[in-house]
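Per TrEMBL, the features are:
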| type | residues | note |
| --- | --- | --- |
| DOMAIN | 27-78 | domain 'Polysaccharide chain length determinant N-terminal' |
| TRANSMEM | 43-62 | transmembrane segment |
| COILED | 234-261 | coiled coil |
| COILED | 335-405 | coiled coil |
| TRANSMEM | 429-454 | transmembrane segment |
């Protein structure tokens, strides 16, 4: 420690490096040596630091602050595409707008301003796309002092006016097309809403429904007429069968009475024969006793009675053998004819009933077909009316869509023109002073080391 203090004292006296640093080939330096060097050159370092800080403060005080002036341009656009897939299309493509701004509009406006005002400061104008191509937005930026704000305002406004005038023609064409589209949509809607159009579309279907309804009504009337006729025929057939049944019962009753008459005639014939036998016996007794006038009279009376009884026996015999059998055959034949008639009537009745049932089945089938045709005609009419209503609704929606498309045309416009930034561009005074202090510190260190190097070089040369 005493050795280092001695070397430091010698260095302060002679302003030269310590002995250890003067050894040939010794390139190492200690922190203590650096501290000694900085201490010896402290006034130089202070002078350099003060000078640089003073120059920095003078620059910060005398410099003119520059601001950023920004203009936001929104390029006009309109909707295009089918319903449900419409996209907003710009009036001009973004690359085209950017090139026109950079290569044509901005140079022309700047040239006019520079020609009108000699010595006008240069103003850099840049444009870029701030959004997607669906809704392009260009930003124009200029950096200038606050004194040039009017020139910047005029320059940006000139760029905006030139671009708006350029796009106004294109948007006018789009508006004309959209107006024509609106007129066409309204004309179609008026055509569809007209009574003549509605009748022309629905009249064939209405006539088809009326024709189907008339067919149904005609078939129902025909069926009811035929049903009444068949009902009368069935009633007549049933009445005929009932009449034949009554006739059969009458014939059977007559046949029963004929049998009773035969039995009665047979009994009467037997009685007449017995009477005739008794009369014959009585005559024989009278003949055996003949001789008196009374017997003669009795014989005449008996003969008369025998003749009458024989005539009655003959009549009864003829009735039993001829008249009653003929009548029996007539009744039997009448019963057979009645049975055949009843069979035919039953067949006719069954046929009429089958025809009635078949006619009812055919009627139901035909009526179902006619009603189905009527339903189809009504469905077609309702479908046509619904289609007409949908067409009118579609036309109305088309009109609204066309009007909306016409209303959704957005012209090219500027959101704001040459709006000054809230704070100047570049570092502030405090930052400049801080940077000056840092630079002064580095330059002071560099000056100290340089002065130390020069001093050592001179010492070695001596």
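Easy rule for this one: first residue shown is 1, then count along the chain.
Here the Cβ of each residue, glycine as well, is placed from N, Cα and C on the backbone.
In TrEMBL, annotation is done automatically, which means it is predicted and not curated.
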Original post:
Do any residues of this chain, six or more beyond the ends of the coiled coil (234-261), have a C-beta under 8 angstroms from a C-beta of it, and if so which?
Top reply: 324, 327-328, 331-332, 334-335, 338-339, 341-342, 345-346, 348-349, 352-353, 356
Original post:
On the 0 to 100 scale, where does the mean pLDDT of the coiled coil (335-405) fall?
Top reply: 86
Subject >> Residues of the domain 'Polysaccharide chain length determinant N-terminal' (27-78) by DSSP state, where helix covers H, G and I >> reply: 31 helix, 11 strand, 10 coil
Original post:
By Cβ distance under 8 Å, which residues at least 6 away from the ends of the transmembrane segment (429-454) in the same chain are close to it?
Top reply: 37-38, 40-41, 44-46, 48-53, 55-57, 59-61
